[in-house]
Amino acid sequence: MPEVTLSKTDDHKLDKSVQAKVLTFLMKLREDDSAYGLRIKKLEQQKDPRARTGRVDDSWRALLFCLDHAGERTYVYAGTYEHDEAIERARTRVLRTNPVTHVAEIIDATAPALSPKIVVDYSGPGKPISFLGDHGYPVADLVGGLGFEKVDAQRLYSATSENDLAAMADNFENEWQRLAILGMAVGDTIAKIRADLGLEDADSVTAHGGAEIGPDDLLGDAELLGALMSPASRMQFTLVSDDEELRRILEEGDFGAWRVFLHPEQVKYVERDFNGPFRLTGGAGTGKTVVLLHRARRLALADSGARVVLTTFTKALAGMLRRDLARLDDGIPQTSLLGEPGVYVTGIDALAATVRDRAGNDFWSVAGEAVFGAAITERTSMVSNSQGWDAAASVLADAPADTTSPAFLEAEYVQVILPQRVRTLSGYLAARRPGRGVALDRARRAAVWTAVEAYRAGAAKARRLTWAELSAMASAYLESRAGEAPADHLLIDEGQDLSPLHWQLVRALAPAATNDVFIAEDVHQRIYGHRIVLSRYGIKVVGRSRRLTLNYRTTQENLVYALRMLEDAHYIDAAEETQSSHGYRSVRRGPAPRLFGGNHVWEQTDAVAHAIADWQAAGVGDSIAILGRTTVALKRLQRQLDDRGIATALYEEAITPGTPLLVTMHSAKGLEFSRVVLFDVSEGSVPLPLALHGLSGADLEDAMLRERSLLYVAASRARDELIVTWAGGPSELL
């Protein structure tokens, strides 16, 4: 039976009926390539003797390359085209190993060897026309350093701006070419581009001048098969293991590409071992979660007895991780028990609850003593971290206003008192309060402690426990059981939203060892927690942090717009480093975001209705979402759209396929849609006044950063088209 290697193609854009025939063709090809109905043929005067065509139906042909080695045959599938185009491609395309980078690539061997010399105009008062020339990229480096044909390097030299150069990337056939061009567009050095793509050192390779390819220039099939497995080649080519994988790749197209086509930089973080915690940062859509899933798979396969925990901030996000890990490899054992071999996927708060449940009655005595200063009776009611602070604050009627708000007291409790296991007033008077903003003298601290005592007394009487307290108790209990840590490897997604208590739990779950903690986070997407410093909780990542900058989800136009939400704000990450949004780039292009501002709410509702109707009429209605700041606003919009004949569904409801979804901006975290509307990003709606109520100083500044980040998260959910609406005036964050 022949093997089939798929090249990344645009087959997902074909009509569904044609896609089904392509799948049938490839399944038959894997079974028996001599079957008459496949009609695998060579052509006359083809540039690559390996090129073949195969019959998908009367109108469509598959482009293939046939490689034979050691009695085994491999077909590289390079797409399905209408009959005449497939014939032309089979005659002119060559599958080869790039002579500079040794990456497998498909090239047009009939392209002219040389193009007219690019004339750079120096006559005007401005800079030279060539963007690459102006930014110090010699043609020789593009040819001898990156492996571009000379004719292609000269074409790139004609670009006069960053946008022109980035737009040219879409015209290139190979993934490594497109990414190298995007790297130059944002100013990466040739050395960085080579390193990011995982290319071999260029010292031993010979320069090439773009001469026409002849049969003698082609390497043997064995060498080419080896090149197909290089990190840079695996961005574009993947060996299919079975028919089910073949079906998923072809049917899901771009949405499913993450499972099989990894960037070399992603591969590096999947496969590398780290001596201690490692942190991977990167903007929305850069593939951090993809790395986590592949890494979880790698760790589980490397050791059948390994206890791997994959966790994230919310239950919903954990459900997505569980689903996507099964989609990646349904043979990976997912366990439902903490401490058992396999991959245990759960939310971080659920993880704390699991520790409690495993511990039994000892939990309340041992952990109660550590956190509260005495054993406590079992708490049967789990509540949010904010519950109970209104009543506690009421005992401080005569204290300064900036220390009596429920929001301030809650933050002080979660960020200072619980992490430091403060159990008495004397302990609180001595506690450090880094990053809290509001200074507290002894009198103010005494007042705060009075509120804490009232809060704890009320909680004990009601037998309630907050999730923050549960995390504190879970980590304390695990610390009391030295040598009995229930995990070998922890992988954390959405790390920017975890609290100090979560990080203490993470540190207690797995002993310090190789590959103990791997964190994926983006400070620009912190929409829940407060800013923290990892080293204070035993998670030391100095020298073990890296950043992903290539966006796979959204278009460059939508990415640029989303990043503007972050301008004029100062973000400091968990390693106490300032995080910039500079350097991000996307592999995709599309229309610019559309902005609609009306004087009245009904005008923006009309705009949303018209947009949805247009998308549905164009046949692109399968993945539409309207994102709003609150559920109340979305329910109101749902009624108004229904009056206009537009059916929608709230995200939490049972969903009919193809129905546009109404999703809160918070719930949209981790999701992506082809078309997105950001609804009512109006002054007075975003930032949400309720989210800022009662805050001052550092707490207010932090809340404003979260609101800004929320808008960035929402805008970056759009893959293809983005619309933003408001009524009256736009939000100050736009």
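Glycine residues also receive a Cβ, built from the backbone N, Cα and C atoms like all the rest.
The following features are taken from TrEMBL:
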type	residues	note
DOMAIN	261-587	domain 'UvrD-like helicase ATP-binding'
BINDING	GLY282, GLY283, ALA284, GLY285, THR286, GLY287, LYS288, THR289	ATP binding site
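If you count neighbouring Cβ atoms within 10 Å for each of the binding-site residues THR286, THR289, the highest count belongs to THR286. Note on the domain 'UvrD-like helicase ATP-binding' (261-587): its mean pLDDT in the predicted model is 92. In the three-state DSSP assignment, the secondary structure recorded for GLY285 (ATP binding site) is coil.
Around the Cβ of GLY282 (ATP binding site), the number of neighbouring Cβ atoms within 10 Å comes to 23. Taking the centre of the Cβ atoms of GLY282, GLY283, ALA284, GLY285, THR286, GLY287, LYS288, THR289 as the ATP site, the nearby residues of that chain (Cβ within 8 Å, site residues left out) are ASP522, LEU548, ASN551, TYR552, ARG553.
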